[in-house]
């Protein structure tokens with residue numbers, strides 16, 4: 001927990017010391033959607049986890065809890081987490097990310113073969129008013145639980 005606490009503290013301190021970002025400029029230094037994985041059971045970054053980023057492309061109906069159709073997802077990028085638990089670039093650096101539904105999935109079965117969750121998928125929506133923002137979607141994982149949040 002000490003490592004995770006230090007990691008989260010460093011992120012918030014970095015954000016507090018940083019000048020306000022002007023979004024939507026051509027100077028974006030990272031893709032609009034990023035992630036990392038922390039192993040909360042070990043208190044360390046989780047290296048070697050396969051990550052997929054997809055976008056819902058079916059304009060006729062949005063994904064929903066009741067819609068069990070999975071053919072509308074299109075892969076934007078894939079990566080493997082590094083020794084710091086961060087994935088590589090999952091999409092291009094763009095000034096404005098397309099509004100819509102996104103799914104980020106983590107193949108946790110190879111990382112924790114005796115765990116309860118073979119993979120974790122997180123679906124989130126980017127609204128039209130948010131297209132210039134950054135979306136950091138981390139996964140805090142242990143063999144028998146996980147959580148996420150929208151980071152910065």
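Each residue, glycine too, has its Cβ placed from N, Cα and C.
Any TrEMBL annotation is an automated prediction that lacks curation.
The annotation domain 'Transthyretin/hydroxyisourate hydrolase' is assigned in TrEMBL to 33-151. Summarising the annotation, TrEMBL assigns substrate binding site to 36, 86, 149.
For the binding site of substrate, formed by 36, 86, 149 according to the record, the largest Cα to Cα distance is 15 Å, rounded to a whole number. Compute the center of the Cβ atoms of 36, 86, 149, which mark the site for substrate; besides them, the chain residues with Cβ within 8 Å of that center are 34, 35, 37, 38, 85, 136, 137, 138, 139, 151. With the fewest other C-beta atoms within 10 Å around its C-beta, 86 stands out among the binding-site residues 36, 86.
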